[in-house]
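S.K.: My questions all concern the structure below.
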Amino acid sequence: MVERLAELERALGITFRDRKLLQTALMHRSLFNEQPHLLSNLSDNERLEFLGDSVLHFVTTTWLFQQFPHQNESTLTSWRAALVSTKGLAECAATLNLGQYAFLSRGEDTPKGRQRSKLLADLFEAVIGAIYLDQGLEAARAFIEPFLHERIGTLQTAVLDPTTRLQEIVQSRHKQLPKYYLIDERGPDHQREYVMAVTVEGHEYTGTGPSKKAAKKAAAQAALADIDR
């Protein structure tokens, strides 16, 4: 185990004062479900993940605010949501091969299990939490910001359609997906018109179009227009 942690420290570019924090960051809950006796002197990584999530959001928000002083709130929110999404964090974790260092139950310990996006994202957040506790906010910031610099270019060049932008904003703020549904369908077959609605935090927004997809985009755009105000 000592060599395993030392190897990860080299990959992270960080030497921990309290290496047990790094060890805890790698402890998946499944291990304790399978071997509950371990709980007497070890704990899973969920508390560190919780802390790391908050540190990550703070550092990412501050970095975006400082790097893009003229960008509007809606765009910054979309970028932040993409940067801290499960997919995005899993990609960051994969560059460090975090999955291979995780302590898992026998049921989870498979090549596929170690590469699950949720597992990797949780590990990444837990490691951030461990860095923060061991060495403070500036060390955590120094660890996080290179990943932000690396990934922001892709987000800037990507043209997000309204439904994607709305989904990222709603997920970031409310941890849930927008809900779309068909309200009306009218007109002759050769000139069909659809009316779609989307519900965001109890508010309904509608849009029309020659296809359900177009109407869905229009509804999302209406929601974004209200959110951006």
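Cβ atoms here come from the backbone N, Cα and C positions, even for glycine.
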S.K.: Suppose a student reads Swiss-Prot and sees D122, E125 listed for Mg(2+). Which of E46, E49, E185, E193 should they find annotated at that same site?
M.R.: E49
S.K.: Across the whole of the domain 'DRBM' (161-229), what does the mean pLDDT come to? Round it, please.
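M.R.: Summing pLDDT over the domain 'DRBM' (161-229) and dividing by its length gives 87.
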S.K.: Relative to the Cβ of D122 (Mg(2+) binding site), which residues of the same chain, six or more apart in sequence, are found under 8 Å away?
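M.R.: Sequence-distant Cβ neighbours: N45, E49.
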S.K.: Other than its own, how many Cβ atoms are within 10 Å of the Cβ belonging to E125 (active site)?
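M.R.: Neighbour count, Cβ to Cβ under the 10 Å cut-off: 26.
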